[in-house]
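Student: Take a look at the following structure, please.
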Amino acid sequence: MTMSSDPVLAPGTVIKGKWKRSSYVIQRLLGRGANGTVYLVKEAQADRQFALKMGRNTLDLQSEINVLTTLHSQGTKAVFQKDGDPSFLFEVDDVVLRSGEIPFYVMRYIKGDPLHRFVAAKGAEWYGVAGTGILNRLAELHQAGWVFGDLKPQNILVNAYGEAELIDYGGVSLAGRSVKQFTEWYDRGFWNAGNRNADPQYDLFAFALLTIHILEGESLKAAAGRLPQLRNTAELTVIIRRSRVLRPYAEWLLGAVRGEYSDTRAAARSWSRLASAHVRQSSAKRGNPRWLGYAFTVSLLLLAGALWIALR
Ligand SMILES: Nc1ncnc2c1ncn2[C@@H]1O[C@H](COP(=O)(O)OP(=O)(O)OP(=O)(O)O)[C@@H](O)[C@H]1O
């Protein structure tokens, strides 16, 4: 939700932290959402670029900043560190603007497209690669005792190689608490498939629904429009079983919709196997050169390697 009373700061505006005294120059708007406005910025004294997220008022963003700071201090390394890159959370401070004192945080700038746009541009086959990255990120969070909550295409940025990063930690909850923020279509409660307690299965359900939405959007739209009492796992099972495009992932999706996975890391591994098998099969069917299939497999292996390095 964007408020018209919430003006976008112009390029060239300098944001100077009240406490830490660092200055950042706004280069352009990256996006706006319910919790804040995100800008591409450059350090005033150096050339490094970051993304800077600013709340609209004193209270906005505070809980998101608290979660990020805790994750950071817990050393949830794989979530926050990519080899050579600065940590995801770079700095937290307040800025004094005409509208009052506003909290902001500075994070790694992720060059990529939201998941749905990435798939629209590259083709459905690439969904498998991006999905592996998403599930690995979720596995890291779950292992650290957190649940992402509001998984949606806009909260996932994917680069040209299919590497996916989660952004927007505003919906993250400690496992065992209630989910703070969710998007109806991906929400277990909306589909009468379980409660809104933050558990790893909640995120895996959301991932499954996200997959159905991106690859089989019309069927999901029709089912979501039915009366609440008609929305259930049986309905989702029919969509999954009938869909040609979902077929490579059908068994995996059914498991996630039914809440059967107790270990996100194992679920990510089995997804990754399905994704590479699917790519190999479809490139063989189309008579594509074998290297094309290998290119996907290499992308998956690179993701796995990066993850292994990050977790060491
Ligand atoms: N680290 C980042 N690197 C690049 N772009 C980013 C980054 N963080 C956010 N963005 C962009 O800014 C947009 C808004 O960010 P974000 O989703 O964090 O805001 P929000 O207010 O929490 O949104 P929502 O209403 O979805 O909860 C994103 O959709 C994305 O396009």
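Yeah, the Cβs are placed from backbone N, Cα and C, and that goes for glycine too.
As the structure is a computational prediction, the values presented were derived from the model and not from experiment.
Annotations for this protein, taken from TrEMBL, read as follows:
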type: DOMAIN; residues: 24-281; note: domain 'Protein kinase'
type: BINDING; residues: K53; note: ATP binding site
type: TRANSMEM; residues: 291-311; note: transmembrane segment
Student: According to DSSP, does the residue listed as 'ATP binding site' sit in a helix, a strand, or coil?
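Tutor: DSSP assigns the residue listed as 'ATP binding site' to strand.
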Student: Have a look around the residue listed as 'ATP binding site' and count the other CB atoms within 10 A of its CB, chains all included.
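Tutor: So the Cβ neighbour count for the residue listed as 'ATP binding site' comes to 28.
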Student: Over the domain 'Protein kinase' (24-281), what is the model's average pLDDT?
Tutor: 92
